[in-house]
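Engineer: Handing you a structure now.
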């Protein structure tokens, strides 16, 4: 879903700033410092940022009530997939929206949109959620948060004076960071790796891996495969074929 841009790309953009407008070197240094911080954020910083961003997203969204139809269904699926990712506890919530999407943060925050749940069977949802868990397990979500932080820093050249990278975020910057993370995109290689992680997790837990195939097939038909959720993914038909090949070879 997200393509990892990297802090270097942001630095390159800033380096290309022309002289058409007055340029505050102090502000530029502040932004550069913040982007360097982004590249070296500790795991604790990433978790704190993820906690804050997840909370911000929840506050801006309509969440299915505990015990409601959507919530009960997701919690049931969550139990089948497991309650942690490499030891990181996970928590599941449903956003009530027609959008077709799902995402996961490095702190185990997993959010599934009701629009996606409406078009997927339970087996298909297990495959999609397993894919999102893969992004966390493989470190993709951590990198995405680093990138979101760096891009947020670039938009606010002045930055915050002093303090840690996490403490420097204002309320508006937190909102911007959250938006950047949710709307970011992973690289195709990351998406493929997350597909394989989902397959392996489903198989290890004796769940139906065929749902991963049909989930891709459904997404391929959605807006010709050009939905926001699939915008950066490898072709859905090829992804389905890859999983079918793994099923056939039993690997």
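A Cβ is built for glycine as well, from the same backbone N, Cα and C atoms used for every other residue.
What TrEMBL shows for this protein is this:
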{"type": "COMPBIAS", "residues": "241-251", "note": "compositional bias 'Basic and acidic residues'"}
{"type": "DOMAIN", "residues": "71-246", "note": "domain 'Peptidase M48'"}
{"type": "REGION", "residues": "225-251", "note": "region 'Disordered'"}
{"type": "SIGNAL", "residues": "1-22", "note": "signal peptide"}
Engineer: With Cβ-Cβ distances below 8 Å as the criterion, list the same-chain residues six or more beyond the ends of the compositional bias 'Basic and acidic residues' (241-251) that contact it, or say none.
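Structural biologist: Apart from its flanks, the compositional bias 'Basic and acidic residues' (241-251) reaches 192, 195-196, 199, 209-210, 212-213, 216.
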Engineer: Across the compositional bias 'Basic and acidic residues' (241-251), what are the DSSP residue counts per state (helix, strand, coil)?
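Structural biologist: The composition, in the requested order, is 9 helix, 0 strand, 2 coil.
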Engineer: How does the model score the domain 'Peptidase M48' (71-246) in terms of mean pLDDT?
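Structural biologist: The predicted confidence over the domain 'Peptidase M48' (71-246), as a mean pLDDT, is 87.
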